[in-house]
Every structure is written in structure tokens, then in C-alpha cells.
Amino acid sequence: MSYFPWLTILVVLPIFAGSLIFFLPHKGNKIVRWYTIAICLLEFLIMTYAFCYHFQLEDPLIQLKEDSKWIDVFDFHWRLGIDGLSLGSILLTGFITTLATLAAWPVTRNSQLFYFLMLAMYSGQIGLFSSRDLLLFFIMWELELIPVYLLLSMWGGKRRLYSATKFILYTAGGSIFFLIGVLGMGLYGSNEPGLDLERLINQSYPTTLEILLYFGFLIAYAVKLPIIPLHTWLPDTHGEAHYSTCMLLAGILLKMGAYGLIRVNMELLPHAHYLFSPWLVIIGAVQIIYAALTSLGQRNFKKRIAYSSVSHMGFIIIGIGSITNIGLNGAILQILSHGFIGATLFFLAGTACDRMRLVYLEELGGISIPMPKIFTMFSSFSMASLALPGMSGFVAELVVFFGLITSPKFMLMPKMLITFVMAIGMILTPIYLLSMLRQMFYGYKLFHVPNKNFVDSGPRELFLLICIFLPVIGIGIYPDFVLSLSVDRVEVLLSNYYTK
């Protein structure tokens, strides 16, 4: 067992090192860029070393535990620890954030503040995935909003302030329910509030209170995930934000909602989750179809990709609602798979938009001729998104399918109906993605574009794309590498679940 504070270092390093950006010499943006990338690489290397040498995969319990008294008056502790559920999300955060800083290379306006906000976001995300105290979890959840709001409102399209305001209103509204749930859970049955997750797992509640707590947390997570009808901030935000910010939103921020749903609702409130799980499966199936049909009607290709993200989140919801080992592992696999694929699609959309200065599909066409590398990578990641066999999206969705089919909670006819709806959603996915590719890259409208001096992907962009493409292919060919991280922890979670 390691007593070195690995997780505390991982949480505080980005934001503290990021604050030094403002003291760097003002000799252009190059120093700031290289400094930020160096911090992200150092963080990722420390993370990889700590997990390789101090984390035991076969142990399903919480590891790398840290427990220090923080605020003595409230008996508030700094509790950190990780298990198989959080390990993959932390590694995904490190990988995507490092590449997002590389993607943000062209940012020159207020670059010091931009990179600092990215690093502050990094700290908040690592803190959330590794927290073992519900109040600390909530604090990290809220701290995340500040850098995201500033990144959305200061860098992006013409309507960026509108989209940032919409984002903060939705998420802050959900956080009110989150805070009420945290207070209710901490104060119930005790004069002294205690929010240690280890203690809360063994806490029992009256049925009505448990349902109310579950519903309050669900609203907060439904905004972040997002779950319809609380999803409307997402297309506006992705349509206006800078593409490096979109990578962090699609790759990590949406996954925080799914992680919270597993970590808090499923682990701490099993009775309520058992009651709500059929509704989660129904909502997930409806979301797959609704978002796919809505995506098909979008003229803005950034918003089309945003709605495809909403559709793919439906598989995560179904996996969580299935209450099976296979289904929950499939949901975790989909979290990681979509983290890679979604982030890259938004990066490609942003780089293409920067070159063309156009976002409406009817104005595009024929750009595969001057930009063959972007066309090749866009096509490859679109194939991954539509679940082409051999890529991570296919394995994740297939495992969720099997999880639903083998679920003992549902009768045969409802399972067949939900599976049929999911299959229709999988058929709609190639329709809206391939039609987008056809409208963007084929045809003869290239000559109507004002700026004809197109430049194809450079070495930096190709390096970034290949770095993400390798794990997408790797997971598709050998998914057990990722499933082995969570399978033991999921088994323990569900065994406790059914005994309760």
C-alpha cells in the first residue's frame, strides 16, 4: 500500500502550476503553449506511473486512499481514492486534456488566461473522479463550471455569450437539486453531518426520502449527461465554443454526469435506482431515436455532431438502467469510447470550420479535393461513431445490447421492444453521419466558398488525430484491456445491490 499523496498531487498540480502562467515573460504565446503542454504531459506521466505501480487491478476496493481533516469546524475531510469505476475516467481526462491543449495552439487572444482555465478545468475533473466525500464531490462539480463558463463566453462564435449563459443557467439550476440532495443525505439520521462515501454506502433511508434524493441527483446529472429534455444547452454550446473547448466538453464534461449517476445514484441509493431503472432504459431508448432524428434535420454540421453525442449518451443510460454486469461494463466502455470519438469529431469540425468559415451544409461541397487528410480522418472517425466493427463504438454498443437482453429485471417483450428501438437508432446514425460527409466533402460547391486558399492538416493536427485513433482501434480489437479495469468493481457493486 502506498501512503504517498499521489491523488492530491494530481488534483492540485494543474491549477497551481497553471497559476504560474501569469508570471511567465511576455514574449509571445509560444512559451505559454509549451509550458501548458509540459504541465499536462507531466501530470499524465505521474498519473500513469501511479496507476501502473501502485494500483492493483484485481482489488475491487478503493485504493490510493487519502483522508485529511480540511475544515475542522464542519468536520470536513479531504478524502480521495480511486477504484475501477474512476480509473478509466481519470486516464481519459489526462489523455484528452493533453491533446486539447495541443489543439488550442492557434489561440492567441488572452492565451495565458485560456490555458490557465484549461488547467483549472483539469484539476476540477481529476478531483471529481477521485473524491470519496460527497461534499468534496459537489465542490469539484461546481468549481468546474467557472472555467467552462469563461472558456465559452470569451472564445468562440458570435453567439458565444448566449450559449455560455444558457449553459450556466442549466447547470446551476441542476446544482441546486444536487446541493439539496447532498445536505439531505448528510443530515439524515445524525446530528453531525457526515458525507464519507464509505459510510453512506451502508446508510438506509425511508423509501420516499430515497426516491426524492435520487430524483434530485438525477436532475443534476441529466443536465450534464445530458438527458432529454434537459439537453438543449449542448447544441448551442458546441455550435459556438472553440473546438479545443468542445473537445473537453464532449470528451470529459458529459461523462461527469454518467459517472455521478453510477457513483452516487446507483451505489448509494440502490432501492430507488431499482425503481427508476425501467424509466432510465425507456428514456435512453427514446433519446437515441429523438436525437438521431433531430440530428438529421440540422443544417449546421457542428450541431449535427452535437445531437449525435446526445444520441450516443442514450446507450450509456440504457447500460446503467439494465442493472447487469454486462450492461454496466458496456456503459463504462461507451463513456470511454465516446470520449475519444466525440472529442475528435468536434476537433475535426472546428479545424474544417476555421479553414472554410462556413458551417451550413448546403453551402459546402467538394472540400475533399483540397483537404484529403481532413476528409480521411473525418470519414474514419465517423465510421467509429456509427459503430463500424473493429472500432470502439461497435464493441461498446454491442455490450450494452447484450446487457439489456440478459437483464433479469425486464420481461421478454419490453426487452425486444427496447432492442428494436435501439436498432433503429443504430440505423439512423449512418444516415445522418454519411449524409453529412457527402454534403461536406463531395459535390462541386467548392467554387462558391469565398476563401479558396484551403490548407490541409499539418503535422500537429495529424499527430493529434493519430494519437486518438490508436486507442479507438485498440479498444475495438481488444476491449478486454478496458473492461478489465472495471469488471471486478462492477461485480462488487451489483452484488451489494442485489443483497440490499
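Cβ atoms are placed via backbone N, Cα and C, with glycine included.
Database features, via Swiss-Prot:
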TRANSMEM  4-24  transmembrane segment
TRANSMEM  35-55  transmembrane segment
TRANSMEM  87-107  transmembrane segment
TRANSMEM  111-131  transmembrane segment
TRANSMEM  134-154  transmembrane segment
TRANSMEM  167-187  transmembrane segment
TRANSMEM  211-231  transmembrane segment
TRANSMEM  274-294  transmembrane segment
TRANSMEM  313-333  transmembrane segment
TRANSMEM  334-354  transmembrane segment
TRANSMEM  386-406  transmembrane segment
TRANSMEM  417-437  transmembrane segment
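Outside the transmembrane segment (211-231) by six or more residues, the chain places 141, 170-171, 173-175, 177-178, 180-181, 184-185, 205, 253-254, 256-258, 260-261, 264-265, 269, 272-273, 275-276, 283, 286-287, 290-291, 310, 313, 316-317 with a CB less than 8 A from a CB of the stretch. Note: the stretches the transmembrane segment (274-294) and the transmembrane segment (417-437) are in contact (3+ CB pairs below 8 A, sequence gap of 6 or more). Three or more CB pairs closer than 8 A are found between the transmembrane segment (87-107) and the transmembrane segment (334-354), so contact between the two stretches is assigned (pairs 6 or more residues apart).
Only residues 6 or more beyond the boundaries of the transmembrane segment (134-154), in the same chain, are considered here, and those with a CB under 8 A from a CB of the stretch are 76-79, 110, 113-114, 117-118, 120-121, 123-125, 127-128, 160-161, 163-165, 167-168, 171-172, 175, 178-179, 182, 185-186, 195-197, 200, 220, 237, 240-242, 245, 248-249, 253, 256, 260, 263-264.
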